[in-house]
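Trainee: Mind looking over this structure? Questions follow.
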Amino acid sequence: MDRITIRGGNRLKGRLPISGAKNAALTLLPCSLLTAERLTLTNLPRLADVDSFGHLLNELGVSTTMSRGNGETIGRKLTMSAGTIASTVAPYDIVRKMRASILVLGPLVARAGEATVSLPGGCAIGNRPIDLHLKALEALGAEIELAAGYVKAIAPSGGLRGGRISFPVVSVGATENALMAAVLAQGETVMENAAREPEIVDLARCLVAMGAEIDGIGTDRLVVQGKTSLHGAEYEVMPDRIEAGSYACAAAITGGEIDLVGARTDDMEAILQGLRTAGVGIEPFDGGIRVTANGKLRPLTLSTAPFPAFPTDMQAQFMAMLAMADGTSVLTETIFENRYMHVPELTRMGADIQVHGRTAIVKGVDRIVGADVMATDLRASMSLVLAGLVAEGETRVHRVYHLDRGYERLEEKLSAVGADIERESDG
């Protein structure tokens, strides 16, 4: 098993290319199940979760061909073809590796008339039920069964039917599953209180490129006119706003200057505003965003919430950054109930953090010290890397397979902007 070793204290400076978005890619990949024609995705990141999803698609009968990307951006190109659906069963041994596997449920039941999917795995950051996914499919006429750790969805005779879906709470995954099912349902589907994340906008635009008819893209009300079939397309995966935000925090915590090549301000307003409030310079340029930090960081009060508010996927990284701020910050996690597992590891390095329910009180300190720390989930892992970049001495982050699920070539990218970081084997 690998570990990341960091010798802290270097000011980061240079150009850092932003990869295609993990969360968008995992939503776009199952679109291949919606058409018998070829779907090609470009700017696809090289990540463990993306590879696992590709194996799942192969299991379902999708043929895949990968080629390498060119230029400063590092995305790959994947061509997928699902002329026929060979299987409608997504087995446990693949699905257990990542929660996003549940996103084959909607496309399979929409095109093949049925789907059997193992209940998903992924990061252990709290109770993330799929009941909203299932209720959305039921609103389109699907019959749902739960047994032996699997969920089975069966379309009525003649296929799914358009309907009205009103989400009681905002759910990104349920919105994605419902949207992919609705594009092949008969008639009109209206989705109220739909999630508005940029990754959902990316999904909707890909579906439109495949022939879907969707109104209200980017709003919380989506209206879909179902089609009997979709055609193939080529679509570019959006840049990863969470990766960009994470490396912006790396510039901030080290007092550095990094050009985030490919990052888009429209996708990151809440993140960028948080950085500005903390005293970090943000300067958009043609093709990216420059992040500059000089002097002590200022404390913040932040709450996570669905887009366009501050994203839960940036909470851990901001916590690491604010551990070095001049004053006391207050972070409140409203999305997941168990997303402070990085706190004990940060405190072992000298951070002063107290958790009270969903709220964390972060008192800035002048120095933290390198240590052996254990990654617990994807974003928590990145917070430990950020702390290691500024810590005195050597930090070793163990169980970095979590990082490999969401950050492409992390140690290479950080090394290129001046970090003393390397991947080693735990032996």
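Indices start at 1 and increase along the chain as displayed.
Cβ coordinates are placed from backbone N, Cα and C, and glycine is handled just like the others.
I grabbed these lines from Swiss-Prot:
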type	residues	note
BINDING	K22, N23	phosphoenolpyruvate binding site
BINDING	R99, R128, P129, I130, D131, L132, D313, I335	UDP-N-acetyl-alpha-D-glucosamine binding site
MOD_RES	C123	2-(S-cysteinyl)pyruvic acid O-phosphothioketal
ACT_SITE	C123	active site, proton donor
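Thinking about packing and proximity, how do these listed features fit into the structure?
Mentor: DSSP gives K22 (phosphoenolpyruvate binding site) a helix state. Of all Cβ atoms in the shown protein chains, 26 besides its own fall within 10 Å of the Cβ of K22 (phosphoenolpyruvate binding site).
Classification of R99 (UDP-N-acetyl-alpha-D-glucosamine binding site) by DSSP places it within a helix.
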Trainee: Just counting, how many other CB atoms are there within 10 A of the CB of I130 (UDP-N-acetyl-alpha-D-glucosamine binding site)?
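Mentor: I get 19 for this one.
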Trainee: Using a Cβ cut-off under 8 Å and a sequence separation of 6 or more, which residues in the same chain sit near N23 (phosphoenolpyruvate binding site)?
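Mentor: For N23 (phosphoenolpyruvate binding site), the qualifying residues are E197, E199, D240, I242, D313.
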Trainee: Cα of L132 (UDP-N-acetyl-alpha-D-glucosamine binding site) to Cα of K22 (phosphoenolpyruvate binding site): how many Å, rounded?
Mentor: 22
